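Chemist: The following feature annotations were taken from TrEMBL:
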| type | residues | note |
| --- | --- | --- |
| TRANSMEM | 12-29 | transmembrane segment |
| TRANSMEM | 35-54 | transmembrane segment |
| TRANSMEM | 75-92 | transmembrane segment |
| TRANSMEM | 98-120 | transmembrane segment |
| TRANSMEM | 127-147 | transmembrane segment |
| TRANSMEM | 153-173 | transmembrane segment |
| TRANSMEM | 194-215 | transmembrane segment |
| TRANSMEM | 221-241 | transmembrane segment |
| TRANSMEM | 261-278 | transmembrane segment |
Amino acid sequence: MSLSAHFRITRPHNAVVAGLAAALGYLIATGSLVPGVLLLVVIVACITAGGNVLNDVFDIDIDRINRPDRPIPSGAMTLGGARLFAVVLFLVGVTTSFFTNLLCLGFAVVNTLILIAYAVRLKKTPLFGNIAVAYLAASVFLFGGAFAGIDGIVQNLPLAAITFLATVARELLKDAEDVDGDAAGGARTLPMIVGVRKTAIVAFACACGAVIASYLPVGNWWGFLYLIGIGVVDLIILAGAGKGLLCRTPACVRSSKATSLLRIGMFSALLVFTIAALT
């Protein structure tokens, strides 16, 4: 068991980005940053990393097919070692949240429980697993806003709504890409039940919902410049979901790069919200 394996299994880029998203949530809520925001970054990064590790523990059969290079299927880390590592990461994240406030502590505890439920059961439950992932992604901004109180949560609702709906769309299309591996691993996803085409239709509807949500801040928070930036973001999100809509097979969804476009759209939305919060 190597340090490199411990590092890789946390998906460090994913964990750090999630932590920074919490800082963005606070920035959107207040227009500034304070040293205490570093606690938010640590909490979210640790809990996210713990979820990533635990997910790999329960995904071992699927990863042997889809991702044999990952630490557990490759033999670089044992299942027992990975379980213990996940517990340590969760404990560090939740314990650190005691130094914030009750709202943040509540988010930390609830999200940790959802991450555990996702790895153990929800991942193999059609649609509910996708919704859980989307909630976790969106709630990071609410968590950051919660550091500033209830008003901070309200300020982050538009970005949380965009993130939730766009993530549902992306997760559904990712499931459409991975039908073969998921079936071999015992997962039961929406594309396996209703097919790739109908799944893509649901994903496109969610993307349209994200576009509608993106215009919520125009009147009450930001104005014309935000409108221009978010318009570009919306085009990217719709293009990604639209590419998926044209597909009827997993191979087509993979080659369409629909999920990559949706990912770009979500990161672009973060950039637009960051600039809007600073101006």
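Just so you know, glycine gets a Cβ as well, placed from its N, Cα and C.
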Chemist: At a C-beta cut-off of under 8 Å, are there same-chain residues at least 6 beyond the transmembrane segment (221-241) that contact it? List them, or none.
Modeler: 155, 158, 166, 169-170, 173, 200, 203-204, 206-208, 210-211, 214-215, 257-262, 264-266, 268-269, 271-272, 275-276, 279
Chemist: Hey, which bits of the same chain come close to the transmembrane segment (98-120), Cβ under 8 Å, at least six residues off its ends?
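Modeler: That would be 36, 39-40, 43, 47, 50-51, 54-55, 57-59, 90, 129, 132-133, 135-136, 139, 142-143, 146-147, 149-150, 153.
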Chemist: Taking the transmembrane segment (35-54) as the reference, which of 75-92, 153-173, 194-215, 261-278 gives the largest number of Cβ pairs under 8 angstroms?
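Modeler: The stretch with the most close Cβ contacts to the transmembrane segment (35-54) is 75-92.
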Chemist: Where else in the chain does the transmembrane segment (75-92) make close Cβ contacts, counting only residues six or more beyond its ends and a cut-off under 8 Å?
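Modeler: Distal contacts: 1-2, 4-6, 8-10, 42, 46-47, 49-51, 53-54, 56-57, 60, 112, 115-116.
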